[in-house]
């Protein structure tokens, strides 16, 4: 197919970029790319006409009160605090340095108190009497209930098929609860925060402690199994997925949330055999919600069965995504452009809680209709992926093709129709695969 068969070139001489979804200016009828779609950015003749009209009719326009700003507006835009008129650019208090601007009070103390109250409410016991370990917490009771439901006996006269991985899943649920207690305890103390790939990609000593605890415990019980862990890969290990039973672990999904005390932090454990997901565990530590998914046996949250929404109309959908940890200008531009394009369809809204695993669990629970992201890793989705599919949802690549666990991109949707519609709207971010050197 020839280049001009798809899209149009921007008419700005210094640009000439090929845009697959070009914009047509309603003033000059020219064709422009996303960057030059506004009248000001492509020097639209209509802007000059309007500006001349405003200058010749200053009696019916309102000047901006901010410093040396020469902008005028046809209708007054008054700041409710200082009662002065401003242009659109300076209409907000922070934009015109309002003399009555209230400085937000520090919220860290309030956040820490909220986290402490959540933690203390889990047991109702004093610190001196509280016994450590998942077996002595309310989490253990929920874990035990989930195990009973997963092992519920049917008709004894019917032949039973052996499930070689159920014991692994039971063990993973127990370990996730124990890891969650370590995370909650760590929130009470000062943190040692380190930076990995970018200033927004953080790691703490608790991430490393939890991963070491999980892998050490599993290796002792299943020495022949393989492992892929976020912090192990960060330390130099390779993330190679083979047919061998493999545990894919994110010790703290939502480390930035954890650092700031934002109460959405999860322990994620995925189990893959022959490169296919067999079960997944996502434990929301501060909510005390244990999400589980087992191949062919459904998905649950604290023992309650999960079901996706089945919303197929994208204009009636609520999506979840994240901005990611990359801060390169081109990546940020694509991410924001994708969000803008989806919002303008329009859709009901876009949300995000700061963790891929919990975003996907929201889709599984029917609270959101779909989740998409590029730049995630296999440990971000290995635990939650099967929870989505066992709740009735689908996983696709952002191109609309089959999902690949190592590709670092995903659409997790309540149905294929909505997933394919999202894939048509978003621009792809070039990424190195998890299994590439």
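Each residue, glycine too, has its Cβ placed from N, Cα and C.
Summarising the annotation, TrEMBL assigns domain 'AN1-type' to 4-52 (among others).
The domain 'AN1-type' annotation in TrEMBL covers 58-106 (among others).
Within 10 Å of the Cβ of residue 230 (Mg(2+) binding site) there are 25 other Cβ atoms, across all protein chains. Positions annotated as Mg(2+) binding site by TrEMBL: 230, 250, 252, 253, 380.
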For the domain 'AN1-type' (4-52), the averaged pLDDT of the predicted model is 78
Same-chain, non-site residues whose Cβ lies within 8 A of the 230, 250, 252, 253, 380 Cβ center for Mg(2+) are 249, 251, 254, 255, 266, 268, 355, 356, 357, 377, 379
Per DSSP (three-state), residue 252 (Mg(2+) binding site) is strand
